[in-house]
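Features of the protein shown, as given by Swiss-Prot:
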- 38-62: transmembrane segment (TRANSMEM)
- 63-234: topological domain 'Extracellular' (TOPO_DOM)
- 81: N-linked glycosylation site (CARBOHYD)
- 98-225: domain 'THD' (DOMAIN)
- 109: N-linked glycosylation site (CARBOHYD)
- 151-177: disulfide bond (DISULFID)
- 153: N-linked glycosylation site (CARBOHYD)
- 189: N-linked glycosylation site (CARBOHYD)
- 201: N-linked glycosylation site (CARBOHYD)
């Protein structure tokens, strides 16, 4: 081949090092950004599903009634984002015979969660971390918890359990801080729903394995337990 042509072709070809070398820091930064974006999208989706599910139940309740009585305006609690939407839905719902809306206690020291006693309790009794049913019927139960994990050197399992009479009926489980992740802080939302027929004196409680990770500072109003009587024999 002509030496001049060979030299021109060599000048057009990109250097092998330039084409293949990508700084390790750039890759780690890109992965960290992708992980955070995925987490925020997942949290927003869960919150939207929570509101949508409760709203759907409310529509079904409204369709079963002839009129909706005026709701009280003196409810002392005010939530933020998802919990605020949930509380607003409950305040405007036609059922008033039996319902409750409680926020998690500020200081937790055991796996069975305790709740603020100054929440809304109507036709339901609260005792030692339990909601105690006073009227039999079909109840809708919802619990939402926000976790903040300072990642240790190992993965962490976050679990939320809904218990009826001390027996686990529903649970949600997620593993965070897995090996290879670049982030040091993880925000994780867990929620669970249950529709079940409950008798008088039935107890409802919530357990978590890692109560120390429940975020009562950044999102104190996002940790709620709520129930309402959807249908009874009356």
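Using the three backbone atoms N, Cα and C, a Cβ is placed for every residue, glycine included.
Location within the structure of each feature annotated in Swiss-Prot.
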| residue | record | CB count, 10 Å |
| --- | --- | --- |
| 109 | N-linked glycosylation site | 8 |
| 151 | disulfide bond | 16 |
| 153 | N-linked glycosylation site | 6 |
| 177 | disulfide bond | 20 |
| 189 | N-linked glycosylation site | 25 |
| 201 | N-linked glycosylation site | 11 |
Stretch-averaged pLDDT - the domain 'THD' (98-225): 91
Those glycosylation sites of 109, 153, 189, 201 having Cα within 10 angstroms of residue 177 (disulfide bond): 153
Rounded to the nearest Å - Cα separation of residue 189 (N-linked glycosylation site) and residue 201 (N-linked glycosylation site): 30
Rounded inter-Cα distance in Å - residue 109 (N-linked glycosylation site), residue 151 (disulfide bond): 20
Inter-residue Cα distance where the pair is residue 153 (N-linked glycosylation site) and residue 201 (N-linked glycosylation site), in Å: 44
